[in-house]
Amino acid sequence: MHEWALADGIVRTALDYAQREGAKKLLAIQVVLGELQDVNAEIVEFAMKELLKGTIGEGAEIEFIEEEAVFKCRDCGHEWKLKEVKGSFDERIKEDIHFIPEVVHAFLACPKCGSRDFEVVQGRGVYISGIKIEKEGEA
């Protein structure tokens, strides 16, 4: 269900942009999926295609880019990637992080110094990184 809500927000944003720009056709949407969010791209794509039916975006190309999750310790400066520690997560933890990425601080610590004071440098959230439209008179 979470993926459908994300798809709805992406589609509405893309269609609003296309309308503001006077587009006759929405050709493509490029979406970045942060690894930390652990979103199922297949479900999002299916939902987006369904939501685009009957609109100027029907048949639009949908591209996903996965952005790797990277963390940086505020105490020692060490940087590490989610994939380096993800194996220690059980399904409950993965689900918690999926719905509320901020809880990652409760489950992770810097692998170098053990601090839980770290920032998410990249790989959090879902956002549109590109929209391609066709305006009147363009081919």
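Glycine too: its Cβ is placed from the backbone N, Cα and C atoms.
Per Swiss-Prot, the feature Ni(2+) binding site maps to His2; the stated evidence is sequence analysis.
For Cys73, Cys76, Cys110, Cys113, the entry in Swiss-Prot reads Zn(2+) binding site. Residues within less than 8 Å, Cβ to Cβ, of Cys73 (Zn(2+) binding site) and separated from it by at least 6 positions along the same chain comprise Glu79, Cys110, Lys112, Cys113, Ser115, Asp117, Phe118.
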Problem - Cα-Cα distance linking His2 (Ni(2+) binding site) and Cys76 (Zn(2+) binding site), given in Å to the nearest integer - result: 35
Completion exercise
Near Zn(2+): residues not in Cys73, Cys76, Cys110, Cys113 with Cβ within 8 Å of the site Cβ centroid are Arg74, Asp75, Gly77, His78, Pro111, Lys112, Gly114, Ser115, Phe118
